[in-house]
Amino acid sequence: MTAHDDVSAHQEPTRPNSSSGSDMKAEARGIEEARGENYEYVDKQTERAILRKLDYRIIPMVMWVYLMNMMDRVNIGNARLFRMEEDLGLTGNEFQLSVSVLFVTYCLFESPSNLIIKKLKPAYYLAGLTIAWGIVATCSAWVNNLGALVACRLLLGLCEAGFFPGVVLYLSMYYGRKSLALRIAYFFSTAAISGVAGGLVAYGISFMDGAMGWSAWRWIILINGAPTIVTGVVIPFVLPNSPETAKFLTEEDKINLQKIHDEQVGRARNNRELLKEDVLDGVKDWTTWVYCFALFPTLAMLYSFVVFLPTIVKAMGTWSSAEVQAMTVPVYAIGAITYLIGARLSDITQKRGFFVMGGIGSAIIGYGMLIAGKGAAVSYAGCCFVSIGIFLSSGISFAWVPANNPRYGKRAFSTGMHLTIGNASGVASPFLFSSQYAPHYRPGYGASMGMLVVSLILNIILHLHFKRQNKLRDEGKQDYLLEGKTEEEIESMGERSPRFRFTV
């Protein structure tokens, strides 16, 4: 098994398209018989046992590393409350600029990084990235002016760029399409958990203000960054480079894991290999671009919210900086819990669009409450609605794109562009909270609502399109496309096959 086994965690199984239930079952049996000579199936109990081994060994580690990743990236928002701008002489929107520049290098090197990871041992590559950004994050505690801060943020974006797509690719080496969705949900939920942890850490460190002549903001950055370096050193001792080298799996486990992948991915060449024609199909498919521009607003909200939440909360009342840090914790906790519940329900129902649209609706309500400014309680509740919405809509969207792109080349292009265009929003998002809008930031909230409405409309268009395509296939109106094709040729059609059902 190689890194080319990047499978969709979310692809709907190909299904017969007859409208009759008995005919559907008969055709399904025919397909199974046709494929039975080529595939060996693993029973559910054995599959669950293998997944448990993978979950206990791999998932906690990748979640921990992503926790370090997010805390190192967004702790600048916590540091801001402890005279960071004053100490560095930042004026106007220079703080927003320092937040923004990270995403310039992040977006530029995000996609190329996955080409590198395929050439190297994945665990060592991820370890190298972690150590590199840990060093940069730690050294950021010593910056003394805007130039040094911007340089560190650019380097941080460069070093962090390959981690998220690299981990998704790494997980796809172990988990099949039916089990990967929930594991990505666990992984992404760490973005919300990092807010909980970051708030608690910042609250504790706030009492170190003045220790050894350092302001609290420097301690926040240092104490968040140093453990990342240690984590990077530990990674190769915990994460194997491939299923074949995983010592915690028996030889029988490895054989069964290969069978699971063969059954779930299929053996059509373009399900495993990147073919030029599939990539071009991704470029020409209008849904690729609608997905991308629907994600742009939700990630813009996420990146601005996680950095500026302490600033938003501080503007609600006269609390101390330490109290503000503590008050951010429940907001993130609610977002994390709701996202995990939503991801699990989405996995069970195999529905993605409903949860994405519901999350966007929650965020719109939250920003409306913040604009209303009807008191601290209403504004704080608004923050909770925003937290629920941005994590749910962004996280489930990551699962929706590969669900409807089973061909490897098309999926690789679509998911790559989805992440790249979505993350590009991080360049502009800090300026939604421009200093000129302080302390209430109503223009920023209004712009956020407008962008989310656009995202909601785009997601509704996708939902209705896929629903219509499924209806046509259920009615047998595309069956003519199967005429004269072998089972392997039908399988290689991917989402174009009348047997394929889109996730809605």
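Backbone N, Cα and C atoms are what each Cβ position is placed from, and that goes for glycine too.
Sequence annotations record features per position, and here TrEMBL assigns region 'Disordered' to 1-28. Here TrEMBL flags 1-13 as compositional bias 'Basic and acidic residues'. The domain 'Major facilitator superfamily (MFS) profile' annotation in TrEMBL covers 58-471. Feature annotation from TrEMBL assigns transmembrane segment to 123-143, 155-172, 184-205, 217-239, 289-312, 324-342, 354-372, 378-401, 413-433, 445-464.
With pairs at least 6 apart in sequence, the transmembrane segment (123-143) and the transmembrane segment (217-239) have 3 or more Cβ pairs within the 8 Å limit; the two touch. For the transmembrane segment (123-143), the residues of the chain that approach it from at least six positions outside its boundaries are 65, 68-69, 72, 88, 116-117, 149, 152-153, 155-156, 159-160, 162-163, 166-167, 170, 218-219, 221-222, 224-233, 235-236, 239-241, judged by C-beta separation under 8 angstroms. Over the domain 'Major facilitator superfamily (MFS) profile' (58-471), the average per-residue pLDDT in this prediction is 91. Most Cβ pairs within less than 8 Å of the transmembrane segment (413-433), among stretches 289-312, 354-372, 378-401, 445-464, belong to 289-312. Here the transmembrane segment (445-464) touches the transmembrane segment (354-372). Their Cβ atoms form 3 or more pairs under 8 Å, with each pair 6 or more residues apart. Between the transmembrane segment (354-372) and the transmembrane segment (184-205), fewer than three CB pairs separated by 6 or more residues in sequence fall under 8 Å, so the two stretches do not touch.
Residues 9, 59, 62-63, 66-67, 69-71, 74-75, 78-79, 167-168, 171, 216, 219-220, 223-224, 302, 306, 309-310, 322, 325-329, 331-333, 335-336, 339-340, 343-344, 347, 387, 391, 394-395, 398-399 of the same chain, all 6+ positions outside the transmembrane segment (184-205), place their C-beta atoms under 8 angstroms from a C-beta of that stretch.
Within the chain carrying the transmembrane segment (289-312), a Cβ under 8 angstroms from the stretch's Cβ atoms is held by residues 70, 74, 76-78, 80-81, 99, 103, 191, 194-195, 199, 202, 324-325, 328, 331-332, 359-360, 363, 370, 379, 383, 386-387, 389-391, 393-394, 397, 400-401, 414, 417-418, 421-426, 428-430, 432-433, 438, 441, 444, 448, 451-452, 454-455, 458-459, 461-462, all 6 or more beyond its ends.
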